[in-house]
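For reference, TrEMBL has these:
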REGION    1-21  region 'Disordered'
COMPBIAS  1-12  compositional bias 'Polar residues'
DOMAIN    424-514  domain 'CS'
REGION    531-552  region 'Disordered'
COMPBIAS  533-543  compositional bias 'Acidic residues'
COILED    557-584  coiled coil
TRANSMEM  585-606  transmembrane segment
TRANSMEM  618-644  transmembrane segment
TRANSMEM  680-701  transmembrane segment
TRANSMEM  713-737  transmembrane segment
TRANSMEM  757-782  transmembrane segment
């Protein structure tokens, strides 16, 4: 479970918020689309979650006896899965626990990280339940350019700030993945079981993994999911897998817990419930996010009062107007004002917040007042956390991270005894049946009972004895499938187990022992006992094998169903692999064809330059123009490839490059003879072909999953001289051809005409040259610089790791 820079409860790994045509939210990327902010109602429909409505809030307040938290009332926590079930459990005094976490991306957390922990503390205080907090140093190691030691160090530092929020050490267990997985067989067992339930095809669909991702990323989601199962923490829950879990987190974490909820029934575990929040905005304004890598976008828990004040005054986006007069007249916009938005998170007084909103929107209050109010609130909150953190030593952190029993008690309304969960285990129980009665064998010896209560509806059993976990306290409760008769019930004590023979109220075969169709890990059918002795003939009629056959048929049906589902998954995977292989084959052929064509152009251009030197342009045009026209026509398909998602190129740079080349080739050069022999056009041919002779083989190698370091180096260094030279040559080609373009006017639209508009191609090309020089050119160069830094920087890092 990681939060990283995602400003959510369970967080994610350095989630990027970008703009595109379609809103898209995953654990690692959040895209606002064409809108300025996220459309959370659309996310509810997209993920299939349930909105938090007034009816649920009223139920929350009725069951807890408390007013709903202001983050619930203000719809910050706006969606959920099965939150009703958790409230029902609390009402019935049944156990559950809380689970949240943090991905350590920096030594100090910011406000976006603080919000979910403050809300989780509120839930723990209200419900009085255990809390586990997962620090995913393993995830940060896999996703970011960090060593294991750096990620683990950040986790420990973050733990100090989390503890400073005020969590109760007696009810809170904090762990880092690196430490806990290494020492917990139960946790690792659940991770492996989950990984086995999810195939690679499903993981790619849900999480968007790509072939270039390391295999650690693909396996990681199971680590986040395993924390949602109670038997991952046997020292807290006594090995019970049936304790429900509530996970407060941001909506981008839903893919993790959709998979967890799908897997849970297959493992016989409870589905976790989730409580989803919106994202916490960055200082720059709506649609932005706080990021540890951009200091001016974030307010950190380590910031001084002066730093907090400076950041808000200088960088907090304002919804106020440009002048005081205009603001007084029109009022401010609270929907975009960051100071007001932050007050909705940290100012708990509804009336005070409503008054600020009213006065600001009416123009009575200025932006400066909002910022001043926010500064005073945040300075106090952060100062209190810093003061508490100063008292937290490494020993305190170790105590929170020590696997240990938690001081937590629960009372079931159907059980008339109270016990500490960490002291009670489930015994091994086996059962079998005849038409008239059932037999329960409880495998505990030297038993000293605390409570044995059998009614016509259920059996309650608790006491101390020697069971599978040695001498301990054991207890269980079973609600029967149908009524039983308590008067003729008998109990027999043997050396290694206790047996209950319980008559049924009606003579029939039961399809199962329990009232609800549930899988209890400690309860098994005793297939070895088709018959057993009974001293009372009335209670020993003919043995019925029908029930055994029924249960065997049920198991066979389940097995066939699982096999059918697995086969369906295999077919789906085969279909997707076929689609991927077909697309890959097409792209290899596409890139190979263009490489051959541009190689021809490159070789011919070099030959002309070598043989004719300054007069190369007089001979080059006729030799390459046909091939160049076909190549550029085919290359235009690259835009379609990006739109279809077949390639990962940047759409803006792809469109600019192809459209720009078409303008030079089909509008400037081909229609105008004066451009055919220009030295500038000769350099255009050289630069274009030199770039593509390197680019297309690189793409082919990537499609074949081959990493050739020399080709990668060429791809991300050759552009440094070729791109600027090519752009300059294109502009010179336009400049020297302008007189002919203006004179002939082949593409002009003079007046008068039916459309009553005019168009001058010469003037348009001049504007085009200015735009390329000032905007598109620098954008292309910056785009290639970022790609080169990413690729060559990463390779450099890999090289250092290999040397070490």
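Cβ atoms are placed via backbone N, Cα and C, with glycine included.
Only residues 6 or more beyond the boundaries of the transmembrane segment (585-606), in the same chain, are considered here, and those with a CB under 8 A from a CB of the stretch are 616, 620, 623-624, 627-628, 630-631, 634-635, 637, 641, 646-647, 682, 685-686, 688-690, 692-693, 696-697, 699-700, 703-704.
Mapped onto DSSP helix, strand and coil, the domain 'CS' (424-514) counts 0 helix, 57 strand, 34 coil. When Cβ-Cβ distances below 8 Å are used as the criterion, the transmembrane segment (757-782) is approached by residues 652-653, 656-657, 660, 663, 667-668, 723-724, 727, 730-731, 734-735, 738, 741-742, 745-751 of the same chain, each at least six residues removed from its ends. Sequence-distant contacts of the transmembrane segment (680-701), counting only residues of its own chain at least 6 positions beyond either end whose CB sits under 8 Å from a CB of the stretch, comprise 587-588, 591-592, 594-595, 598-599, 601-602, 605-606, 608-609, 616-617, 620-621, 624, 628, 647, 661, 664, 669, 707-708, 711-712, 714-715, 718-719, 722-723, 725-726, 729-730, 732-733, 736. Taken together, the residues in the coiled coil (557-584) have a mean pLDDT of 67 on the 0 to 100 scale.
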